Every structure is written in C-alpha cells, then in structure tokens.
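A.B. asks: Quick one: this structure, given as structure tokens, is what I'll be asking you about.
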C-alpha cells in the first residue's frame, strides 16, 4: 500500500478514527476485511505484534459493480408467469416486501461479510446448521439438471425458427396414395400443440413408458451443457462479461414484443384481464404458493448463487442498496414480462374466439337448412358472412331461450372472450404452445420466433450461471480442487443424469422435478437461513455487524422482518405446501395420443417414491450434519477457514477480555482508544442500551472453538467463556 495513502496515515496516527462511507470512498485503495484494524478488546491495553495481511487473498473479484448487478438476473420470467391475472400481482408484491427483499439482503450480507460459498457461510454462522449450505447445493443440482433441458428445448425451437412458414404453423398432411388427409392428432388439437408433443418431444402416453432417447432433444441438451460449461469454466471474470449480453438482451426483446403486441388486435383485452382483480382467487393458497415460488426463483433465494456472487464483493460494498435495487428491477421486469404475455395472449384469445364464432355460426346455418331451428330465430340485421361476436352472442341468447329443453343437444358454445383468456396455459406450455401459436399470426413470423427463443436461451443461460456458481463456489471453497476440471466434471455428470429428461417420457420427469425437488426443500432452506441468523446468531448482533460493515445502520424495519414477519410467513407457506401435498393426489398431465389432449394421471408407486425421495435427498444434509456435529462425529469446519479470514480473526481476538465482547476500532493493531468507542452504539428496538457482542463469526454456536484455533500460540491470552446465542428479548 502506498505510504501516503489515507489508510496508512491513519494507522500511523494516534488520533481516534471513525469509519464512514465517505472515508471508504476516499481511500486510494479499498479497505477490506483483510486489512482492517478492527480489534476485540477490553479496558486494558495489550501490545500485540502487528500481523502482515496479504493485499489479496487470491479470491476473484467483480470487474465492475454493473457486472455484479447483472449477475442477479430475473429467472424463469416467462416460464413462471402464472396466469392468475390481478389475483397474482398483489400476492407477489406483498411477498416480495415481506420475504423477498429482507432475505435477499440477508444472503447478500452474510456472503459479503464471510466471503465464502453457501457451505462455508452457514458453517461459520452456526456449524450445527451447516447442512443448510449442502441442501442448497443439492437443490441447485436438481434444478440445474432439469432447467438446462428447457434451454435445450429453446435451442431446438431456435434453429427450427429459420424457416418460412414456421414448421408449427400448419398441420402436416398425411398421404395415402392419391388421398391427402390432415394428421388426425393435429386436427383434434392444434398445429402448435401437435408440433410440441409429437414432433419435438414425441412424448409417450404415460410416465411408465420410456420410449427410448429422443435424439433431437439429446443433441440439444448436449449443446446447452457445452454453452453453460464454457460460460462458467472461467469463473466470474468471464461470467460477468457474458452477463452483459445474456441479461440485457432479453430486455430489448421484451420491449420489442411489448410494442409489437400493443399493435395487435385484442392486446388491450389481455392487459385489461391482467389488471382485473379477482378477490376470490386471492383467497386460494395455491396463488400465494405460486407467488412465493416466483419470488424465490426471481431473486435466487436459497440456491446459494446469491451468497456465492456476493462473496466476491469488497467488504465495504453497500449490499443494502444492491438488495433493494435488484429486487425493484426484478419486480419491474416481472411486470414487463407479464404485460408482454397478456398482450400476446389477448391477441391469441381474440383469434380463437373469432374461430369459435365462425365454427358455431356454420353449425347454426346447418340447423337452419335442416329445419332443426326455425328461420324466424334469425335476426334480420345479422349477416352470417360477417358475423361479429356481439351478433353471435345475441343469436346464442335467443336460441338458448327458445330451445331451453333441447339446447344442450345442439352443441353450441358461448364463445366468450373471457373464457378464452382463462384457458391460457402456463409453464412450458406458455412458451412452447401459446407464444408459438400467437407468433404464427405475426407479420415476418420467423424473425419474431428467432428473437423470442434467443431471448429464452439467454434468460436460461443467466439462470444456469447462477445455479452452477451456487454449486462450484462452495465446493471450491471447501476443497482445494482444480476449478476447470471440477466444472467440466460437473457438466459431464449433469449431462449424463439429464438423459432421464430427454427420453420420450422426459417431459413428465421435468414436471416431477419442478414440483418436488425445489419447492418444499427450497422453502425449508430459506426459513433455516432466516432462523439461524435472526434467532441463533441474534438479530441485534447481526444489525450491529451490518453497521460495522456498511458504515450506517439499516432501517429498523429489517429487525422486525427478520425476527418475526419473514419466519411467520415462511412457516405458513410450508404448512400450506405440506397440507396441499397431503390432500392432493400426486400426479401429472399426460398427453394421450388417441384423444389428442392432456389427461391427469396419478403417479405409479415407483414414481411416487421417486417424488418423495427428491424431497428427502434435498433435505437429508440438514439432520445428518446436525446430528454428526452434535455428537462430535464431524469436524465443525474450523480448519477450513480461509487464510485471510483466520488472520483477521487472530488480529481481532487478540485483545478479547472476559467481560467485553464488542469490536473496538484501535489506532494501531492491538491498541485501544482510551475514551470514545469507534463504533456507534446500536440502539435496539427495546431501548437505548448499547449492544455488547461479537461480530458475525463462526463461533456463535460453538463458543470459542474458532477463537482458540485462530489465536497465535505465542500470544498470551485470557481465559474466555463460551459465547452463547444472543437473546433479543
């Protein structure tokens, strides 16, 4: 460090120094946790030889703040845009405020403070709950397996889009000698539905019927894993650069689709349907569960990717600003994506409604010709060659009134636009059926199709980079393995395991993994993260650590959110999830080729066992690690502390006194100011008593085990008492 820098000048000065954001911004070289002069000490002064800390502990860092922000992309925006219209937006916004922002802030803070992946972070906060990080890794693994299959589907559709007309715009023609007929399965459903289920997936009728590998999907999955591996293998240096394109390009496409969608007939009807409040839907637990799932996936809560990305930040980074900014961007992006979805679906609903009117008008004309209906029922102003929806609605009402007893036998449909909007699909069907069908009616449809699926590939790539980082970073932090080799091995193993999803019945396994491997385990992981910080480590202590790290005190509302509100909401969420799983028969929607439509089918016993095994395997590390460390069957992880973290602890703990547990900023290493404390006393919600406690460190559950391991053997120490979890009451 230059001798004339302000940091060096302050270390050589005997004046009292108070850290602030302005001080940190004024440094010529950033003061981080490796070079800070925070010391734990009591009233007595002790001279401790200064420890030379390395300028860089070798951990990678973001090249810019923009790269870091872009590394937190909104994931599955279109695949999880649940179509509950106005009933969905309100729960999503409420849960974003009560759960999303506070827990996203919590994950950013612990990752930035401890500078480790998810396994290391929760080992440090509370070794008994070290299984949290391992469960996060398991969930990331399961999600990555099936989510990259969706990227593979998008890659297949992307290359199929370079055709005019689009291959899913018309039903295929089957020729039998000189006779040409439309494919019956396609005629019963639709061209886009047939292309998805038969030509893309070539799906079987049950999950028990494998059907063998789908070669086209296998090659697409291989391409997807090659892209992900190349993006992740170089670490955040290359991942951050990829994020510039993969995160910004989807916004360009979404804005283009929104402008184009607003120009389509019926788009206003779709947007009006989106903002129409449906209070009866808001009372359904399913809506709140789906909204919470979207919050988890959009912010990456519980996956470990957030902690991994924030661990590459500088110690004085304003993670509170990052949490609020990314949450707001995610919410606005979700609104933008939902506007695009409903604009396009409004257009599609109008087309389907007009088709319904034409089909039923032909039926009515046939009834007039066969004298099933009297010509007197035909209004004089109705023109069947240009029948409008309002004219058809009038005729429908008249016929229903006159033929009240035999009306059901006529087989006439009401053809209401509201019904078509309510039929809108979601999940994979939204992207690969509803959107593809709407795009066939666009001018220059191949261009829009290429743009749409290229956007999906980029969204998926951004999500997969975060998921893979949540896997590789904790392992690389805990075990010294070669990063490139480990990343390649992970991708190869994942591709081989992913072959389960590219057999002809693979779509049903994607649904299974989406329903069971992430939902409940992810919620359990998130609530244990919340409890371990707020109740075991202590909310007051954590708030004080944030003040030390950020240079300012976060809003007091976070205290109550972390302590009471978020855990309560998560407990309710887990309870409703378990109750629904208990009362609802586990099953999937199978495509029945003979009927050319989906039918709900229950899982066979082996598939049902597989469903619950996914939940059990994802959560198994939690009790295993707890029991193993409770009975000293497993190391508490103290030997895996990073070099910089251990040396910082040696410097900080060297002045620990039995009656004093606070960090005090000294003018020199080992020297304590005689009068004023360098840190401001944090006033707790319960009163104005200053807080006395340790900063965020791994000894919060195991007393002084880390302290004793970190103290130099040549340094005289005073006996210490175990640090018990703090009570906030």
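Going from the start of the chain as shown, residues are counted 1 onward.
Cβ coordinates are placed from backbone N, Cα and C, and glycine is handled just like the others.
Pasting the relevant annotations from TrEMBL:
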TRANSMEM  83-106  transmembrane segment
TRANSMEM  137-159  transmembrane segment
TRANSMEM  219-237  transmembrane segment
TRANSMEM  244-263  transmembrane segment
TRANSMEM  291-312  transmembrane segment
TRANSMEM  324-345  transmembrane segment
BINDING   330, 459, 463  Na(+) binding site
TRANSMEM  447-473  transmembrane segment
TRANSMEM  485-504  transmembrane segment
TRANSMEM  516-537  transmembrane segment
TRANSMEM  558-583  transmembrane segment
TRANSMEM  603-628  transmembrane segment
REGION    680-729  region 'Disordered'
COMPBIAS  691-712  compositional bias 'Polar residues'
A.B. asks: With Cβ distances under 8 Å as the criterion, find the stretch in 137-159, 244-263, 516-537 that has the most pairs with the transmembrane segment (558-583).
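C.D. replies: If we count Cβ pairs closer than 8 Å to the transmembrane segment (558-583), 516-537 scores highest.
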A.B. asks: Of these binding-site residues, 330, 463, which scores lowest on Cβ atoms within 10 Å?
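C.D. replies: With the binding-site residues 330, 463, fewest surrounding Cβ atoms within 10 Å: 330.
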A.B. asks: So which residues does the transmembrane segment (485-504) touch in its own chain, when a touch means Cβ under 8 Å and the partner is 6 or more beyond its ends?
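C.D. replies: For the transmembrane segment (485-504), the list is 141, 144-146, 148-149, 152, 201-204, 209-214, 217-218, 220-222, 225-226, 228-229, 232-233, 468, 471-472, 475-476, 510, 513.
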A.B. asks: May I ask which of the stretches 137-159, 291-312, 324-345 has the most CB pairs under 8 A with the transmembrane segment (244-263)?
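C.D. replies: That would be 324-345.
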A.B. asks: When you check the transmembrane segment (603-628) against the transmembrane segment (291-312), do you get at least 3 Cβ pairs under 8 Å, counting only pairs 6 or more apart in sequence?
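C.D. replies: By the criterion, they do not touch.
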A.B. asks: Which listed range (137-159, 291-312, 324-345) shows the maximal number of Cβ pairs under 8 Å with respect to the transmembrane segment (447-473)?
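C.D. replies: The stretch with the most close Cβ contacts to the transmembrane segment (447-473) is 137-159.
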A.B. asks: Counting across all protein chains shown, how many other Cβ atoms sit within 10 Å of the Cβ of residue 459 (Na(+) binding site)?
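C.D. replies: Total other Cβ atoms inside 10 Å, all chains included: 27.
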